[in-house]
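Worksheet for the structure shown next.
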Amino acid sequence: MKRVVVLGSTGSIGQQALEVCRLRGYEVVGLAAGKNLEALSRQIALWKPRLVAAEESLHKELKARFPGLRLATAEEVAALEAEVAVAAIPGLAGLAPTRAAVRTGKRVALANKEAMVAAGPLLWREAEAHGAEILPVDSEHSALFQALLGERREDVAELILTASGGPFLREPEDLAQVTPEMALRHPRWRMGPKVTVDSATLFNKGLEVLEAKELFRFPLERIQVLIHPQAYVHGLVRFVDGSLKAQLGPTDMRLFIQYALTYPERAETPLKDLPIPGVLEFLEPDLKRFPALAVAYEAGRRGGLAQVAVSAADEVAVEAFLQGKIPFPRIPEILARVLEATPTEPLTWESLFAVDAWAREEAKRWA
């Protein structure tokens, strides 16, 4: 029986990962969560994990509910003996547990794009040193991974990520009118609040471009974004002979989570079959309407700590927007200001965390 650790178990991806584990009959040996007491309690009761990580404020109540429960840090949960760790703690908070999982040599099903964006070269160095696998959970990167299977790297001309365009592809005309409630209504995907807002600004696609650059170790100038409102095509690879290879599937993250857990095998699912689409639209992204995508590309051109800074600044800006402190168009403005002020230093674990802290404070100044 395959043993799985789920980091970020009470979040959207974490809960869907547990659904996949239930369908596949896997053993969940470790859970790491935040402060959602009731959701975590249900998971502990169902899975009876060996170790659990949660915010310290929950420890007393968890001990009362589950007297024999062993509490630990997220890094200790990540290091448990298991075949796979699902890394789904969002933001830079998920980086240390992801690194801990990589250092134990297990497969890491990576849903935390910020970890790869900020620390891609460092994580790959750790993975190669410890014999770990890193497989993507993001639908677009899973699509590219699948389309690249069996192909020679020198035959690949371009990687193409698709974006639904989010809820504001065409309206309202004035994005200053956008409220948090409007931004949280994504037309296609079931996701957490932060990534849903990022999808609305298209910064999520920018992060995915940077993730693709680091995950596939591919030149930024050969990674393209196309708006695809139907969201049937999740990613395409263009080859040097002009042909294209695409992955299509339903807009259900469980499909991509399962693939990261079962690869190289495929397993049956109870998911609905994709209806054969009548029309597939592909549009160029409007960088004037969605400048956050342009900021992400500029961060990618600078590389290293610039990617760390914009990722950290975005967490602060999105939280400020969700709290009603700033208007929607202010998010990309904050990212651009932080990027311009980012110091140029070599990327190390120490400089990464230092710039992450600096960028958050800098973003708060503008928020």
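From the backbone N, Cα and C atoms, a Cβ is placed for every residue, glycine too.
Residues within less than 8 Å, Cβ to Cβ, of Glu114 (NADPH binding site) and separated from it by at least 6 positions along the same chain comprise Pro90, Gly91, Leu92, Gly94, Leu95, Leu207, Ser311, Glu315. Per Swiss-Prot, the feature NADPH binding site maps to Thr10, Gly11, Ser12, Ile13, Gly34, Lys35, Asn36, Asn112, Glu114, Gly192; the stated evidence is sequence analysis.
Under DSSP, Glu208 (1-deoxy-D-xylulose 5-phosphate binding site) is assigned to a helix (H, G or I) in the three-state scheme. Feature annotation from Swiss-Prot assigns 1-deoxy-D-xylulose 5-phosphate binding site to Lys113, Ser139, Glu140, Ser164, His186, Ser199, Asn204, Lys205, Glu208.
Summarising the annotation, Swiss-Prot assigns Mn(2+) binding site to Asp138, Glu140, Glu208 and lists sequence analysis as the type of evidence. There are 28 other Cβ atoms within 10 Å of the Cβ belonging to Asp138 (Mn(2+) binding site). The DSSP secondary structure for Asp138 (Mn(2+) binding site) is coil.
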Candidates Thr10, Ser12, Gly34, Asn36 (binding-site residues); nearest Cα to Glu140 (1-deoxy-D-xylulose 5-phosphate binding site) turns out to be Ser12
Cβ atoms other than its own within 10 Å of the Cβ of Glu140 (1-deoxy-D-xylulose 5-phosphate binding site), all chains, total 27
Simplified DSSP label at Lys113 (1-deoxy-D-xylulose 5-phosphate binding site) comes out helix
Around the Cβ of Asn36 (NADPH binding site), other Cβ atoms within 10 Å, all chains included, total 18
Looking at the binding-site residues Thr10, Ser12, Asn204, the one with the fewest other Cβ atoms inside 10 Å is Ser12
When the binding-site residues Gly34, Lys113, Glu208 are compared by other Cβ atoms within 10 Å, fewest goes to Gly34
Within 10 Å of Asn204 (1-deoxy-D-xylulose 5-phosphate binding site) (Cα basis), scanning binding-site residues Thr10, Ser12, Gly34, Asn36, Asp138, I find none
